[in-house]
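Written out below as structure tokens is the structure these notes cover.
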Amino acid sequence: MTAQAISLRPAVSGPVQPRFSFAKVASIVGAALLALLWLVPLLWALDTSLKPEPETTRTPITWFPVDPTSAAYRSVLDQGSILRWFLNSTIVAVLVTALTLLVSVLAAYGFSRTTFPGRKVLFGLLVAGILVPPQVLIVPLFAEMTTLRLVDTYWGVVLPQVVAPVMVFVLKKFFDGVPRDYEDAARVDGATRLRIVWSVMVPMSRPILGAVAIFTFIGAWNNFLWPFIVTTDPSMMTIPVGLANVQGSYGLRYAQIMASAVLGGLPLLIIYGLFQRHVIRGVGDAGVKG
Amino acid sequence: MAVQTSPRTPTGTRRTSTGSPRTPTGQPWTEKWGGLLFVAPFLVLFGFFLLWPTLSGLWNSFFNKSLAGVGGEFLGLANWREVFHDPAVWSSLKNTLVFTAMSTPPLVLTALVMALLANRTGVFGWFLRFAYFAPFVLPATVVTLIWVWIYQPGFGLVNGLLTSAGFAEIDWLNTENRAMLAVVITTVWWTVGFNFLLYLAALQGIPEHLYEAAAIDGAGDRQQLFRITLPLLSRTTGLIVVLQLVASLKIFDQIYLMTVGGPNFSTRPIIQYIYESGFTSYRIGYASAISYLFFVVIVIVSIAQFKLFSGRKEDLR
């Protein structure tokens, strides 16, 4: 399944169906209504964030701010924490993505193309690891982090998220399908195996690596439970954990709460907008290969 | 399921990897063990942050350990006996199952309807994909900040609409029978986009000539839907149901952020109880025992679903 295949085209074309049937019009109206329903909460948050504070709790509710203002955004940004959390989220998500790709690509190549004693047993262990939900590890993992003195550090947030056996599994399956001829040619030219990984396997699997990278990045940016547990110092919190404290600290200032929600969600919406093709292909691949 | 393999056991795979030409300088050591270097970085992290906590969690479940303390007194099966007699374990497990049962059908059906509609419309493709999938990329906290605001009594969007339509307003998050429903609605809005894209990819894999042939035989829209589309989607539906059940069982973020498990513990899921036992009551051993009980539930569901799913796949072929 290629990205081009997951474009939205009508399933039925040509003489099979008239251009404007009742069913088709009904589908368009239904799809548009559902889309509107799905966008309303986002628009409502944006709308509220632009209202002056007293207008947010007025009844009956107003749809458009009578007197739009960016005051809520200014006071959220002035408090400074949200910028710190942005920085933390960026550092964490970039580190998790880079390390996950590095470690998983090497491991996938090792399991796919090399032999060493114990390889099958280790791969079996990895597959069993897919079954372990990270949520059940929070207590022993936190105890371990205390021993390693990694609580409230970037490495404490990052390292457990780098272990993604399912990514290694997916990449290994993909590498298994890459023809060996390319590799053999590189080997004849005297390339080392590390060189082969970098110059043959990585370029050949760029689409799947792109999908893995984007999902890892979004997952790391949005992860709530683990950063919530391993950070206690507000200056080490990521956006999702920091924002969870916002409601308490802002009291009932809804315009500010919504402004911070908009700011917290915007980077991801932008990334999704930019890489929509890769995201969709990634999900598509999951469906086809699953 | 305990991972119980000895990494030291050699498997005796001694065949040379391929018939590919070897570099003349290839040494026996790298030939035999070189591959291990590729998997070593992953295995070290895997050992530290997955295998070790999995095993130490099981070990801890037999001890009376506090979060700060080292050692701890050996309790044998006492934690485990307590787990089975603790009403909070069963009520939070029940809440988790109720959430799963309430959320899975709408998350599958809504995604199917969205994909069928989007696939038919053809136009606005980018817009529909954006609208349906966008909430999925938002962090849980952003989603819950928005929805707690929407559910506000008085000036929240939902109650604003209810009262202007002449209905009585509902204090969604503070009413025992309504809170779980409110969380389910939020979850459907937040995560349905992923299932939608899976269905969309599957729909576009259905060859067009099937529809053309059916139309020539006089099959209408409805017959095409029920005789071609839905049967051909059954494998995808199986996959989505499996993924969704396991995902829903792991519910924590949105409940904790919206209701903190309340009112009166009516929405508290099992992961929240694990969290509270470990980090509020400081009972590592007990929390580990509950974790393992839950782990077993997840594994059983995964395996049962996998069996069902692979069985159905064979039927189709």
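Placement of Cβ uses the backbone N, Cα and C atoms for every residue, glycine included.
Marked as transmembrane segment by TrEMBL: A:21-44 (among others).
If you look up TrEMBL, you'll see A:85-109 (among others) marked as transmembrane segment. Away from its own ends, the transmembrane segment (A:85-109) comes close to residues 126, 154, 157-158, 161-162, 164, 167-168, 171-172, 174-175, 193, 197, 201-202, 209, 212-213, 216-217, 220-221, 227, 236-243, 267 of its chain (Cβ-Cβ under 8 Å, at least six residues beyond either end).
Taken from TrEMBL, the feature domain 'ABC transmembrane type-1' covers A:86-275.
Within the same chain, residues 107, 111, 151, 160, 163, 165-166, 168-169, 172, 225-226, 229-230 sit at least 6 positions outside the transmembrane segment (A:121-142) and bring their C-beta atoms closer than 8 Å to a C-beta of that stretch. The transmembrane segment annotation in TrEMBL covers A:121-142 (among others).
Beyond its flanks by at least six residues, the transmembrane segment (A:154-171) meets 88, 91-92, 95-96, 99-100, 103-105, 107-108, 111, 126-127, 129-130, 134, 137, 141, 145, 148, 205, 208-209, 212, 216, 219-220, 223, 226-227, 230-231, 236, 238, 289 of its own chain at Cβ-Cβ distances under 8 Å. Residues or ranges marked as transmembrane segment by TrEMBL: A:154-171 (among others).
Sequence-distant neighbours of the transmembrane segment (A:254-275) (same chain, 6+ residues past either end, Cβ-Cβ under 8 Å): 42, 45-46, 48-53, 56-57, 71-73, 75-77, 82, 86, 210, 214, 217-218, 221-222, 239-240, 243, 246-247. What TrEMBL lists as transmembrane segment is A:254-275 (among others).
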